[in-house]
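If you look up TrEMBL, you'll see 11-317 marked as domain 'Amidohydrolase-related'. According to TrEMBL, the feature Zn(2+) 1 binding site maps to H13, H15, K99, D246. For H15, L16, R17, N41, H136, L218, H250, A262, the entry in TrEMBL reads substrate binding site. Positions annotated as Zn(2+) 2 binding site by TrEMBL: K99, H136, H174. Residues annotated as N6-carboxylysine in TrEMBL: K99. Annotation comment: TrEMBL describes D246 as active site.
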Amino acid sequence: MQQLTLTRPDDWHLHLRDGAALKVVLPHTVRQFARAIIMPNLKPPVRSLADAAAYRDRILAAIPAGKQFEPLMTLYLTDNTSPEETIAAKASGFVKAVKYYPSGATTNSEFGVTDIRKCDRVFEAMQQVDLPLLLHGEVTDKDVDIFDREKVFIQRYLIPLKQRFPKLRVVLEHITTADAVEYVLNANNIGATITPQHLLFNRNRIFKGGINPHFYCLPILKRETHRQALVKAATSGNPKFFLGTDSAPHTRTSKESACGCAGCFSALHAIELYAEAFESVNALDKLEAFASFYGPDFYQLPRNTEQITLNKSTWKIPDEVPFTESGLVPLNAGQEMTWQMV
Ligand code: NCD
Ligand code: ZN
């Protein structure tokens, strides 16, 4: 196959940051995607409907002239989020979900929830108005091994949560394990996003020839059997699994540091990365639905109508693209890709 034409995809999990960083990264996403679910982990986070409205305006102002893009906003759940705030958020029409971060789990999560059971009144309201809950599904207990944090979260918190709120629509974000695939397959009212890095790489990549901080993200890459389970889920044609890049830009200096930040930047070449993952198992025919249909179906939004085209053509991922105080290193920088969006 030499050319691939797809309905324009959407990104159901994206970090755009704010200020100067927002202005630099947004055009990359706008080039490929029509809409994106915008993560609320700013400093300070997007906690209220007013915060979300103001952030949305800043995003709209940063869209390059003549381009179309719709930011789908989220609220950052804290111990103090009120049920009324989520009801008002749903009524606004532009807030599409509430994001749960366990306190301390990842970048800018210090405002996150200290005990998920404290939020039951909020979940009750969200279930009532049908506002989806997005989960960073990892426990943060220091006694749980970093590679087991997702699996333990499912057992300890997600299964009980779904028992308490069976109709609450949940997205288990950036799934990384066979355990998560298995759980999502067997539960109701649940979807899952899958990132390009978790489809393409296993945890060996972090340590290949030395430590590679640009492959460090959270949840951390897992062993090969898990990667294979994710590829199988993504290419299965099951509508529970859809595209969410988790593109999470950090400056080169904050990644290449004694205590480097978690996050991979993939907005530059996201659809090409997914195309390579799908092609590796001869499943390019399943890419369009994963990238462009199942996400809007889950969020009860119309599918996009315009199209994008990818050509079979070899190019090199740049070592760095311009960013803020220092450059931005794209996922798998310096390596060759065989698909290119025109
Ligand atoms: C994200 C970030 O940098 O904001 N980092 C990451 O490794 N994925 C936060 C997140 O989604 O966990
Ligand atoms: Zn994320």
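Using the three backbone atoms N, Cα and C, a Cβ is placed for every residue, glycine included.
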N41, H174, L218 as binding-site residues, winner by CB count within 10 A: H174
Where the C-beta lies under 6 angstroms from ligand 2, the matching binding-site residues among N41, H136, L218, D246, H250, A262: D246
Alpha-carbon distance [L16 (substrate binding site); D246 (Zn(2+) 1 binding site)] in Å: 10
Sequence-ordered binding-site residues from H13, L16, R17, K99 with Cβ under 6 Å of an atom of ligand 1: none
R17 (substrate binding site) CB neighbourhood, other CB atoms within 10 A: 21
Distance [Cα-Cα, Å, rounded] between H13 (Zn(2+) 1 binding site) and L218 (substrate binding site): 13
Extra residues within 8 Å (Cβ to Cβ centroid of K99, H136, H174), Zn(2+) 2: H13, M39, Y100, Y101, T106, L134, L135, G137, E173, D246
Distance from H136 (substrate binding site) back to H174 (Zn(2+) 2 binding site), taken between C-alpha atoms, in Å: 8
